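Contents: one structure, followed by commentary.
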């Protein structure tokens, strides 16, 4: 079988060029012949692009780069169209491969942008610790606070902080003193009076200290709200003094503590509440127990290679490259030509996509493999981890000295020993924390549990979330049950959590490419950007444009969901993101050739035997077939046609929600901004296919009955494998594994080996195939099995929160989940197997060289398909999903453009495509 690849066979459109000896200098021809044995040029100069051979760096070389300013702009709410006039002077050749659009504008990433995990404000505070606060109960003010500053005395003017040069008392400036960051510097001082601190009034709504921020209102850092005086001309701070003494005091009521109470502009810029008591009002004693959590990180940047920014489609918004003499447009795009995906796969074939290149915004979408597939090998916590008090002692008591009279009588020793000695008895006081287990548990919650499907999450009590589930506020407010994916779930196994298999793993804050692209723009919401965007359309991205005057125009989208990417995938339109283009210029390069060299090149390229031909790298008609929610079978019918030059099928599955309508410049139903597999190649639903059958309209089976399984049917995975047809400790069949190795790497029945590195890059099947297995309790043979549901399971009880990320509750008690699968008391178990294969597309090769897909006979193969047309029926069996999806099929065809520039200012393009000549698979 011929090796299928994304490039079609060149023999279908051979480009006839002159022999090198006809136009290269005699010296170069002689050099080539003399060195041919060890430096072979081959037919390098038979290509339509002829390299300059002399006079390259002389004073007659042209200037390298020119800037073209648009002659016309047309801006709407959804797009920005620019038109350029490209004037290519005599003896010059414009290199379209080097052109790029230079775009300047302003980007507002919206309030949902959060480029970090955790909080920037009081991140060391316990999640449930309140700010020092006051509240009113039965018309009396209650205070809960801290007084860290120790002054010299307290009067009705407040706390004394020092003395001036005249030895007069200086009292705290209540606009900013006492400062909350200043207190006692030694652990061994335990003052009982003259203490001062700050506290928030009951008119400032309570919230936890974790994540609290109040802007300063003076240059000393004070935060008290400014209030206007009666004359409304000046503003002052309204800070009150609250004096206290001990509750047991009955006689001397001089103050021992003063709290400076104030109202501040309290905010929580990057946190939200996950526990809120049910009380009326914004200040109450119960609200001291509120608990905060950080807002979820949401990186927002332009898509990889600026996917979605330029508009590629033929329905009314087509790009234009036309000679002004002829006005024939060289750009003929088709609705089924996927320019963006083609460019992604081409870059992968050319080099290593894991290397980022900032100029073209090249930073490919990725995910942390430890998040997609969890290797839960437990934690190494053999040694306990302790924390100790600052004094490094146990709990101390006060002791006085005693002495003996050299006998058995003891008496008080107050002559040379203090009467107040702090002595601890026993071991040093300590508290233990299992750091390793807590870090692992926190990793699982932040990286996996919070990304569970929404149906697995809950809304905390007394928290109101918006109805629109695509908003950041809704996604951010929902919480997962930590015990659903705790350290003991699937412990010892390498397994992806089943609910996560169908969740887009690229919509994650560990998408390193998106994080890089987001950080290229900075860490603020408002960004004045200046970007360079390359042309990707295959017919013009490598074109040599000969002298003449040309019209070049293109549309740029302004839809933030299409041109921006967020790690949460929220609806950026609703969440307040916007983009404004201020200028779009075109930068173009001329070949640095001497004029006589350029004129020779022009004369050659004007000849129709040297027309420039370009292949679309993907070379495929791509079709989307809807799969309704919970459907398991997808039939496809292709009308009768000649299948010459057909190379096979590639297919995968997409979510309808994640696939925009490319036919319109603005898709109102595209309420999503995560990765778009249809355009960027972030496929992740390949594991949901069960089998596919291929039937041509004949009685002859294809691809023959010499395979392991049924002719006409490719079985992808088997749940029950009685015959042993599965492979690699998973449920993929040997048949399908061999077909993938054959179609991707030409590694067929001659044995198994690793494909060459240049074929095994980011979108490779071999690199992304991930088999896995685990054991679970056999509920039929284990007679004592009880189906204990999540609310009734307990493990780490008393040390963790219950059914949510809130404060720990309960008591220490033996765990009742999970059942042991190891050791002396291991319960009966079953083995489950599955696989994941992201990024790649399943492929079925079809060799149009054979043209005989019949059964093998002693007469050789039946020439059934040689020159006749046949219809095709395909049926895909898939796993049901609870949302509408799309079957994405690439019919690998032959897609070439041949560009002819016979005269000045004339450009003609001929597009050849077979077997799908027009824009869809029905013609």
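Heads up, the Cβ atoms here are built off N, Cα and C, so glycines get one too.
Per Swiss-Prot, N-acetylalanine is recorded for 2, and the stated evidence type is sequence analysis.
Just so you know, the Cβ of residue 911 (phosphotyrosine) picks up 17 other Cβ atoms within 10 Å once every protein chain is counted. According to Swiss-Prot, the phosphotyrosine annotation covers 911, on the basis of sequence analysis.
For residue 748 (site 'Involved in interaction with pre-protein VI'), other Cβ atoms within 10 Å of its Cβ number 14. Taken residue by residue with DSSP, residue 748 (site 'Involved in interaction with pre-protein VI') is part of neither helix nor strand, so it is coil. Residues annotated as site 'Involved in interaction with pre-protein VI' in Swiss-Prot, with sequence analysis given as evidence: 748.
If you take the Cα of residue 748 (site 'Involved in interaction with pre-protein VI') and the Cα of residue 911 (phosphotyrosine), they are about 34 angstrom apart, rounded to a whole number.
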